[in-house]
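Undergrad: My structure is below; once you've seen it, I'll send some questions.
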Amino acid sequence: MSSRGNRNIAISAGSLAVLLGALDTYVVITIIVDIMADVGIAINQIQQVTPIITGYLLGYIAAMPLLGRASDRFGRKMLIQVGLAGFAVGSVVTALSSDLTMLVIGRIIQGSASGALLPVTLALAADLWSARSRASVLGGVGAAQELGAVLGPMYGIALVWLFNHWQAVFWVNVPLAVIAMVMIHFSLPARQQVDEPERVDVIGGVLLAIALGLTVVGLYNPEPDGKQVLPSWGLPVLAGALVAAVAFFAWEKVAKTRLIDPAGVRFRPFLAALAASLCAGAALMVTLVNVELFGQGVLGQDQDHAAFLLLRFLIALPIGALIGGWLATRIGDRLVVLIGLLIAAGGFVLISHWSVDVLADRHNLGLFTLPVLDTDLAIVGLGLGLVIGPLTSATLRAVPAAEHGIASAAVVVARMIGMLIGIAALGAWGFYRFNQHLATLAARAAGDAGSPMSLAERLTAQAVRYREAYVMMYGDIFLSAAVVCVIGALLGLLISGKHEHAEEFEPAYAPTYGGGGAIDPYDAGDADDAPTEMLDLPTQVLSAPPSDPGDERPGRHRAP
């Protein structure tokens, strides 16, 4: 098989690992009621189990910067293998859990281990494809991630239906992880040792993890009362997070080894792409969590039917990812990000006007009509999907190739932080607004009361008020998501243009495939698209920059 074929197999195997990690990011969304029943939490206290979701995301975020940098030192293949093994261990802990504490611990282990899968695969794509053509490849990897979002909720329902208990969702991960490890072993390139391997900034990674962890804890309010958005411990804990963040930046300023080496980094487009990724992540999680809750709380649907409402969004998301990667190679990352987030913002504005009759409502477009719920969710999914590949590509083009591992991790960290904010901050604020709306409706009903009502009439009126308060709360949340998307679109204007990227040089090492056997050079017909780290060229040629800046050869790396 040609080296080009090996390259495609490698990225396919990496995408499979990404899919496995992505499934468990979203799988608990549709089985959370079953989990609540087992751990003894009432259905009207759903905010108490958000650590099951945030624990996974926090582990993902906290570990990812270190794992991204570690992949630059130890190689992509090793980190993916370690991630899959740890993921299997975390799945066993989660499946054996009998209380909320152990369940959250298992989810944190899962998230920490799976933190390697997506960023390292994205970095692998950056290693093997040129800056000019990698956007579509990154879009494909992003589509694998979003396929996890598509399959995850339905996957959970299917396994619970098949095995009659939610633990099966996590037991199934063990053989799947083993299969993926075997495939990765024979598919991904092994990195040869170099004289001076990259060092890992452990202190910086720990400080960043502490800052993020304290932020999540400070935003988590298990008992919203309509008077305080944050819990009683919120402000002190957030102050501690701020101190940890300041310590992180101070350390990064003086440390010899840093999570992101500033040399060669174009910070304006780099930070803009990360901030836009954060906005996209917040909007994504708002949709995944609140659409299903809208179905249960407002439309009165059961868990399975409410989960199926997400299908419109989840199908459009990977389609948008593929289209976005294709478009970015032709019109540039900046324009695609701007268009995608503005489309998503428009969709959220439409969703914010949903009523209790949304299933019957239709958009009147003159010559024809479209169902409101289906159309609005598809618009949001398409818009958020469009930006997945371009945001990653823009971030990687703003840093030297030696930083691709940590830069890929930074993209996903930013997105996951946004997801955490979406479920923690907007969720707490949403329940705060719910209690405010409920109090307002109750006061209005008391003022309008005429003759005394029977107990049944009072209960019916109260149920109506609760439903109206839920509609108003979700309207507020989705409108906030629209604002977040507009902010992300404006930030997208600051990312790199179509032809702006850090100058790339040849890599300092030549990876090999499978069991370490050397790869034959590309055939002459493949030479124009061959990653140069796989070519047997003289060292003096590899160390020289290209004479023509426009001549982008795939896989060129900045010299260390």
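One-based numbering along the chain as shown.
Cβ from N, Cα, C; glycine included.
Pulled the feature table from Swiss-Prot, pasting it below:
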TRANSMEM  16-36  transmembrane segment
SITE      ASP24  site 'Protonation/deprotonation site'
TRANSMEM  48-68  transmembrane segment
TRANSMEM  78-98  transmembrane segment
TRANSMEM  108-128  transmembrane segment
TRANSMEM  143-163  transmembrane segment
SITE      GLU146  site 'Forms salt bridge with Arg-426, probably closes bottom of cavity'
TRANSMEM  168-188  transmembrane segment
TRANSMEM  229-249  transmembrane segment
TRANSMEM  269-289  transmembrane segment
TRANSMEM  307-327  transmembrane segment
TRANSMEM  336-356  transmembrane segment
REGION    362-371  region 'Beta-hairpin'
TRANSMEM  368-388  transmembrane segment
SITE      ARG415  site 'Forms salt bridge with Gln-157, probably closes bottom of cavity'
TRANSMEM  477-497  transmembrane segment
REGION    519-560  region 'Disordered'
Undergrad: Under 8 Å, at least 3 Cβ pairs, sequence separation 6 or more: does that hold for the transmembrane segment (108-128) versus the transmembrane segment (229-249)?
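TA: Not in contact, no.
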Undergrad: What whole-number Å value do you get for the CA-CA distance of ARG415 (site 'Forms salt bridge with Gln-157, probably closes bottom of cavity') and ASP24 (site 'Protonation/deprotonation site')?
TA: 16
Undergrad: Ten-angstrom check, please: count other Cβ atoms within 10 Å of the Cβ of ASP24 (site 'Protonation/deprotonation site'), all chains counted.
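TA: Result for ASP24 (site 'Protonation/deprotonation site'): 25 neighbouring Cβ atoms inside 10 Å.
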Undergrad: Provide the number of Cβ atoms within 10 Å of the Cβ of ARG415 (site 'Forms salt bridge with Gln-157, probably closes bottom of cavity'), excluding the reference atom itself.
TA: 28
Undergrad: Checking distant contacts: for the transmembrane segment (336-356), what same-chain residues at least six beyond its ends satisfy Cβ-Cβ under 8 A?
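TA: Those are 276, 279-280, 283, 294, 298-299, 320, 324, 327-328, 372-373, 375-380, 382-387, 390-391, 394, 467, 471, 474-476, 478-479, 481-483, 485-486, 488-489, 492-493, 495, in sequence order.
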Undergrad: When only pairs 6 or more apart in sequence are counted, do the transmembrane segment (269-289) and the transmembrane segment (168-188) reach 3 or more Cβ pairs under 8 Å?
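TA: No, the transmembrane segment (269-289) does not contact the transmembrane segment (168-188).
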Undergrad: Over the region 'Beta-hairpin' (362-371), what is the model's mean pLDDT?
TA: 90
Undergrad: According to DSSP, which of helix, strand or coil covers ARG415 (site 'Forms salt bridge with Gln-157, probably closes bottom of cavity')?
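TA: Its secondary structure by DSSP: helix.
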Undergrad: Of the listed stretches 16-36, 48-68, 78-98, 229-249, 307-327, which one has the most C-beta pairs under 8 A with the transmembrane segment (168-188)?
TA: 78-98
Undergrad: In the same chain, which residue numbers or ranges, 6 or more beyond the ends of the transmembrane segment (143-163), come under 8 angstroms Cβ to Cβ?
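TA: Result: 15-16, 18-31, 34, 118, 169, 172, 284, 288, 292, 303-304, 307-308, 310-311, 314-315, 317-318, 321-322, 325, 385, 388.
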Undergrad: Give the one range among 16-36, 48-68, 229-249, 307-327 whose Cβ atoms make the most pairs under 8 Å with those of the transmembrane segment (78-98).
TA: 16-36
Undergrad: When DSSP states are grouped into helix, strand and coil, how many residues of the region 'Beta-hairpin' (362-371) land in each?
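TA: Looking at the region 'Beta-hairpin' (362-371) with DSSP, the answer is 0 helix, 6 strand, 4 coil.
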